[in-house]
Structure formats: structure tokens, C-alpha cells
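Report on one structure; see the data block that follows.
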Amino acid sequence: MLLSTWTPGCFQGNKILLRSLITWYYLEFMPKLRPFYFLFYLTLPSCATDSPPISDKSSSIFLPLAQQQQLVHWMMPPRFRCQDYLLPLLLALSPAAAAAREVEYHHCHCDGGGGGGGGGLWSMDSIFRRQKVSDLLIAAAYFSIPLEILYFVAGLRHLLPFRWVLVQFGAFIVLCGLTHLLTAFTYEPHPFMVVLLLTTAKFLTALVSFLTAITLLTLIPQLLRVKVRESLLWLKARELDREVVLMKRQEEASWHVRMLTHEIRKSLDRHTVLYTTLIELSLVLGLTNCAVWMPAAGEMCLTHELRRDGGGEDGVVGVDDADVVEVRGSDGVKLLGPDSVLAAASGGKEEGTGAVAAIRMPMLKVSDFKGGTPEVIQTSYAVLVLVPPAGKSWGRHEMEIVEVVAGQVAVALSHATLLEESRAMRDRLAEQNRELLQARRDALMANEARQAFQGVMSQGMRRPIHSILGLVSMVQEEALAPEQRLVVDTMARTATVVSTLVNDVMEMSADSRERFPLETRPFHLHAMIRDAACVARCLCDFRGFGFAVHVENALPDLVVGDERRIFHVLLHMVGNLIGRTEPGHVTLRVRAADDDVLDDRLGQRWDPRWPSYSTGYSSVKFVIGVKRQQNGDAGSPLSRRPSGKGIDLRLSFSMCRKLVQMMQGNIWAINDPQGLPESMTLVLRFQLQSPLTSSSLGGSFEQKHSSPSCQIAGLKVLLIDDDDDINLVVARKLLEKLGCVVSSPPSGSGFLSSVGSSAAAFQLVMVNLEMKRVKALDVATRISQYRSGRWPIVMAMASDQKAWEKCAQSGINGILKKPVILQELKDELARILQST
């Protein structure tokens, strides 16, 4: 019913009204678009030609002319308002165009035929046909645009945020095409349904157009940002182009630097390096001349130049020159002025030359490359002067090339200096190597001499002394008179001291240092004093001295200490006193010292740190003094003055002091007015030994009347030693003295065959670890492999303490230290038999 009330004139008026409303909305909310909608408003009546002709007038829809003029004046920007005379003309044309559209076509006499009855080119029928074809083509074009958009835009994911805009735009285009398609059916008589569809299509087109315009409010700022971003990207591209140009220049400069560095480092001669630098720089930078000025004795001397005709007369510039001071005080390239003396001396004042540049080159020292704390060395600088041709200016890249090349030249010169120093060092090392080889040969010869000395000492002194000690120990077991026993015990103790001294000498020759090992064990102090007094009496009688000994009765007897070292020190004290003075009388006093603090002749205080006698320790004081005769018989054969030097005695006294200090004691001497020793005092602190353990005393030379153990008697012993001298005989006699049955192979090399032939014949094997032709440790190892059960027991004889540790790893049951003494042999055999 509503549709039936719509007439063509009413429909045309509503369309114009709708467009007016849309125009008002955009002009109200978007003032910047007023000029464009003004033009749209002027062309609005002419766009109505696609509507069918209507019979009634609809000019009442438009505003009056005055109001239309005001509306256009409001819509026009201020810059267009100056031309107000155009507004009446434009407003007059707009109603005329609308009126021409609203009248029926058969009242139009446009083709001159009137009524549209003519058949010319511009007849109404021809115009309608052309409009119909145009509408169909426009519709086809509109319909093809969405297809093209779908074909080209469907796969672009970055346009997904704009898909709603694309949908609206596509709908707008489709509806516009549909409007033109329906309009093509209105040029001929058509039913009302076509008009209704056309109206609906136009309404939807207007609605979609309105929505699309609203959507563009949010899209246009984004497009503007894209434009701004495009501008920024364009600026960034220009900056990148400039950076690429700079990078190319830097790459070119780097290539030149690498080439120059390669040429400079080809040689390690300083003159070749400098001349190569001058030549290559002149080729790369196109220089006229290059010069190198070296410091020498407060002046700068021209040492290297590309061409010699450009230098000064003498080629010398003072180091206090302003340009020289400025160049040497800066790191970069400095341009010299036109009045520079340095530039003139380098050929910079000639015709055809440009601005002269100069740079310093540090002359690095060899000590700069050595490790450790660097030395404070004043850096020396050379000056490189560059003379370009006329018209050439120094750019930043050229200056960078010069700076890098100057650094490379400094490094190359330092390498050349280092090479020269290394060559000199190589020569010195070669000389030192020759000296070391000579020292090595001398050391080998000294080692051979030392080994020969040790061999002579071992064969000529130690082995005979060991034999003497063994024989003396056998004599001690015999029934002797008291005087005889005193002499024998003294001989045994003296031989023990000599053996200890020989061992000390051999150890010092092997280790090249003084070593005095102590062997602390229980001993009888009274017997040791008695033997020392006996030897001292013999020495005094030989030198024409009288001798007396006084021993305190309260002196302890069983003490713990190293009796050999104490005996040695006492003999040294006696020898030192009687060796430097005229004949007189020697007195030996031995007493228990008090616990108070004792002072020596040097004022040094020695405070015993051990407990008193009642707590198990006792201090013993030995004082040996000499009283010279006023009128000695110089012609007596017993009065002989030794010819020893005082320095030797002082050295010997120093060694004795060291021994005493190792035993936690002290020793000092008192001299007379002539500087000769008058008395010597020795203070020692001993640990007391309980009488219950007197049976464990070792090394005592008193007579033992106990008979051999029943286990030792009849023991079958195999004695292995490749030496056929007196030592083997003494060892055999000692074992036979204890009641053992002793056998020995012909040599050490035949030992294994003896063991294989009579495996159960021996109960004990004694091996000498100091055999020459056979390694005793290998023999002991083979014995431990062949034996089974409790056979045989292995015991080794050695004088070297280092060999004792190896014996425990080789399966040796016991160690007997040389010299072999009867009582020690008996005690060791008893211990081994008891433990196994």
C-alpha cells in the first residue's frame, strides 16, 4: 500500500532529498571537504539523468535562490568567496538542469526535431540507446572490479585488517553496477516493479556509500600514517645511500691500507720498510714527495726521502721548532702552514705543491714487548711529512689512511728492531750454550771425580774400617784384662767415629750439602767418658801435655743420645786446645750442670728448655781446659807445634757447634789474652734411661758374657757377597762366632743356581746390598718368589740409609747396618727369628 502511493515525481524528490541529507552530514562534520561537495552539489541535477522522465514539476523541492546562494556561500572556503559574482550563475544553472531532467523527454527540443520524432544522430531514441549501452557497460565494469579485487587481493595476508573496508567497497561497487543495470531497463516502457527495484538498489547504494564513507574516517588516518612512513622510509633510504657511499669509501681506504700494510711488512729491515712506505704512499695518495725525520741528539734529521732534490741544504731541523713540537705532541695528522720550516725542508715550498701534512710515528722499544713490569722509557717519535701536488686537498679518508699507515710503520719498525735484538740475543744464547756445554762437561768430569773419590773412600777407608770394627767386636767377646779391655773398647769407639766421619764425607760429596744425621739410642755415659779420656790422654802424651780427668760421682750413667757425635765433639775439643798452644796441662771435668741459665763467652744466653733431673732429664757439662807452662822445653821431641791454619780450626769449630745445636746443646770457647783457646765448655741435656731397659742398649762396647741363643746356634746361613776380601771373611767369622753354619756361593751371579739345587738347605740368607756385579735387590726379589712357607729368611747388609726403604718393598725381613758388629748382628738375628 505504501509502495502504491509512490509516484515517479515523489520518488525523484526523495532521491534529491536523500542526497541533500548526505551532503549536509559530510559538510557539517568534515569542513575540509566542503569544496568537493560543493562541486558535487552543482552536478547533482545533472546526475539525475539516469531517472525516468516524470511529468509533474518538482522544482519546489529545491530551496529558493537566495537561500541556495547562502548555502553555497557557507560551503565555499574563504579563498573562494572572493568571486561572489560566480555564485548566481552556478545557482541558476543548477535548477535549470534539474528542471530539464524533470520534464518529459518528448517536450525537449534538443535535437531540433521537436517531440523526439526525428531519426538523426542526436535524436532522443539514439541518445536513449547510447545511454542504455553506457549503463550496461558501466554495470559490467562495476561487476568486474570486485572479481579483480578478489583475484589479486585474496592471498595477501597483510590486508586482513582492511578486509571489512574491502567488503564495503565491493558491496558499494556491486550496488552501483546493479543500479546502472536496472537503469538500462527504464529507457523503454517498463513495469512498476523495475522502478521499485531501481529505488531499492539506489537506497542500498546510498546506505552502503554512507557506511563506506564512515569507515573511511578511520582508514584515511592510517593511509596518512602509511604515507608518513613512506616518507620516513624514503629519508632512511637516502641515509642508507649515503652510508653505502661512506662504506664504499671506507672499504676502498681499507683496501689501500691492507695493500700498504702488506707491502710494508714484506721486509724486516728498517730502511727497506721506510723506503717502501714512502713509495707506496706516494702511489696511493698521488704525492709529490715524502720524507721521514728521525730524532738524534736534540735534532730532527732527514734520513729517508722519496726524492733527494727537495730537501734542505743540511736536512736538520731543531726539535724545539713549533711545527715539530706540535706534530710530536698530537696523535693525528697536522697540516703545516705556508711558513713552516719543516715543510720547506721537506720540499713543500716548491711550485706545484699543495698543503703539506705531517704525522708522528712512535719508535717502539724492544722492552715494550717483554713481559713483567714495564720499564719507564721515554717514547721517541719520528715525523712523516707528506707533500701533495698543487690543488689537492686532504680529506678525512686520506688522513685516516695516513694515520693507519703511520701506526703500521711503527709496528714494522718495532718488529725490525725486535728481529735485530733477537739476532743479537741468539748470538748471546749461542755463546751461553757453549759455556753451558763446557760447564756440563766440567760437571760430568766433577761427577766422575766425585764417584771416583767415593769409590776410593769406600774401598780404601770405609771397608777396612768396617772390617776393623767387626774384628774388634769379636775381640771384645774374649776374656781380657781390664787394661786390655779399655784399649779395645777405645779402639772400637774411635773406629766407629772414623766410620761416621767417612760416611758424612761421602754423603756430603753426593748431596753437595752438609748433613749430619743423628742416631739417638741408649748408651752408657760413664763408659763413653772413660774411652774419651783414654784417647785424650794418648793425644796429650803425644803432644807433650799432661792430662787429668775429674768426673762427678752423681753423674747419670744410662742416658739416651748419639754417643758417636758426642765422642767426636769431645775429641775435637781436646785436639783444638792442644794444637794451638805451648805444652802444658789439660784437665777434663765432667759434672751435672745446674738448671739455671748459662752464659757463654759471647754473652749469649742458653736456657735449657727440658725438665730437671727429677723429671727424667739431666744436663751434663763438659769443661776441657789447658794450663800452659811458662818455660816449655821447645826442643823436646814431644812438644811439636802444628802448622795448621786458624781458619781451618774455626771452620771445624763451626761444624762442631752445628752438631751440638742439633743435639739441643751448646758449646763455647774462652781465649787467653794472646787469642789462643784456653778452655772449651760443652753442655748437653740427656734423657735418662731406665735400668729396666738396659738389655735393649745398642752400640755399647762393653763385654757381653751371655751365650748365643739356642735359635741362632746351628742356623744354616747362605752369605752372598761378590767380594772375596776381608769383609766376607769377617762376616763369616761373626756368624760362626754365634754358632751358625755359613755357606757362600762362589760369586753373587751363581746364587740362583745354588738356590735351585739345594732349596731346603738354608734357613737364612744374608745379602750384601753393595755388591758390584749383581743387584742385591733383584736377588732378594727372586728369593721371595722361590721361597715357600717359612724358608728362607732374608736379611740385607747396607751402609746407605736410602736403601733401607727399598728393602721393605723387596721382601727383605731385616736390615743390618754396616759396620757389622757382633752384638748388633746377634740382636738383629734374634729379632728376625722371633718375628718370623
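Cβ from N, Cα, C; glycine included.
Features reported for this protein in Swiss-Prot:
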BINDING   C176, H180  Cu cation binding site
COILED    416-452  coiled coil
DOMAIN    269-413  domain 'GAF'
DOMAIN    457-691  domain 'Histidine kinase'
DOMAIN    718-834  domain 'Response regulatory'
TRANSMEM  137-157  transmembrane segment
TRANSMEM  166-186  transmembrane segment
TRANSMEM  204-224  transmembrane segment
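Over the domain 'Histidine kinase' (457-691) the predicted model carries a mean pLDDT of 76. For H180 (Cu cation binding site), the number of other Cβ atoms no farther than 10 Å from its own Cβ, over all displayed protein chains, is 23. C176 (Cu cation binding site) is surrounded by 21 other CB atoms, counting those within 10 A of its CB over all protein chains shown. Residues in the domain 'GAF' (269-413) partition by DSSP class (helix H, G, I; strand E, B; coil) as 53 helix, 37 strand, 55 coil.
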